[in-house]
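Student: Pasting in a structure now, in structure tokens, and then I'll have a few things to ask.
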Amino acid sequence: MSYKLTYFSIRGLAEPIRLFLVDQDIKFIDDRIAKDDFSSIKSQFQFGQLPCLYDGDQQIVQSGAILRHLARKYNLNGENEMETTYIDMFCEGVRDLHVKYTRMIYMAYETEKDPYIKSILPGELAKFEKLLATRGNGRNLILGDKISYADYALFEELDVHQILDPHCLDKFPLLKAFHQRMKDRPKLKEYCEKRDAAKVPVNGNGKQ
């Protein structure tokens with residue numbers, strides 16, 4: 001099966017998908033386009049949106065739908081209904097945090113960055129710290145010893161927030177250890193080192 005993932009030349013909404021594909025050693029074409037070129041091809045995509053995954057000749061958009069599609073195909077979606085629901089819940093929480101993050105990044109970076117770091121982020125991270133502790137005492141992955149698509153979403157969210165504030169995880173030992181555990185996975189380590197050396201932007205406006 002051939003895959004092509006089309007997105008802008010940033011991390012953004014596509015990065016958890018890239019991490020999934022890289023870590024699972026799934027071959028794909030990483031199609032990165034310039035923002036200025038998007039208007040001329042926008043009509044080609046469902047909802048006029050990116051990222052877009054081509055699974056053979058099928059086009060899939062919406063980043064969460066893409067992740068769950070891949071998770072079902074490669075058995076990273078939990079082993080039963082409750083596990084699937086649990087990681088869905090986790091990912092929805094990650095999405096909620098990301099909405100708050102992107103609102104600050106794109107709409108009020110200069111005035112809201114410090115209040116976001118000091119007043120909003122700690123409470124949000126505390127929720128994930130508590131939830132992570134419910135499986136295996138938080139000493140491994142979200143589902144314990146089994147990786148799922150939610151691990152890639154959480155890892156990326158923690159990573160971009162550490163760029164925003166390098167000390168944001170200092171009071172959350174389970175999240176900090178989880179982040180390092182994911183970062184040390186061999187394929188992710190190699191990918192992230194190359195990405196970071198290339199200084200790939202996190203967001204489309206250059207702010208991070």
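Numbering starts at 1 and runs along the chain as displayed.
Note: Cβ is positioned from N, Cα and C throughout, glycine not excepted.
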Student: Tyr7, Tyr74, Tyr86: which one does Swiss-Prot list with Lys42, Gln49, Leu50, Gln62, Ser63 for the glutathione site?
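Tutor: Answer per Swiss-Prot: Tyr7.
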Student: Counting other Cβ atoms within 10 Å, pick out the least crowded of the binding-site residues Tyr7, Lys42, Gln62, Ser63.
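Tutor: Candidates: the binding-site residues Tyr7, Lys42, Gln62, Ser63. Fewest Cβ atoms within 10 Å: Lys42.
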Student: Gln49 (glutathione binding site) has how many other Cβ neighbours within 10 Å of its own Cβ?
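Tutor: Counting Cβ neighbours of Gln49 (glutathione binding site) within 10 Å gives 12.
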Student: Under a three-state reduction of DSSP output, how is Gln49 (glutathione binding site) classified: helix, strand, or coil?
Tutor: coil
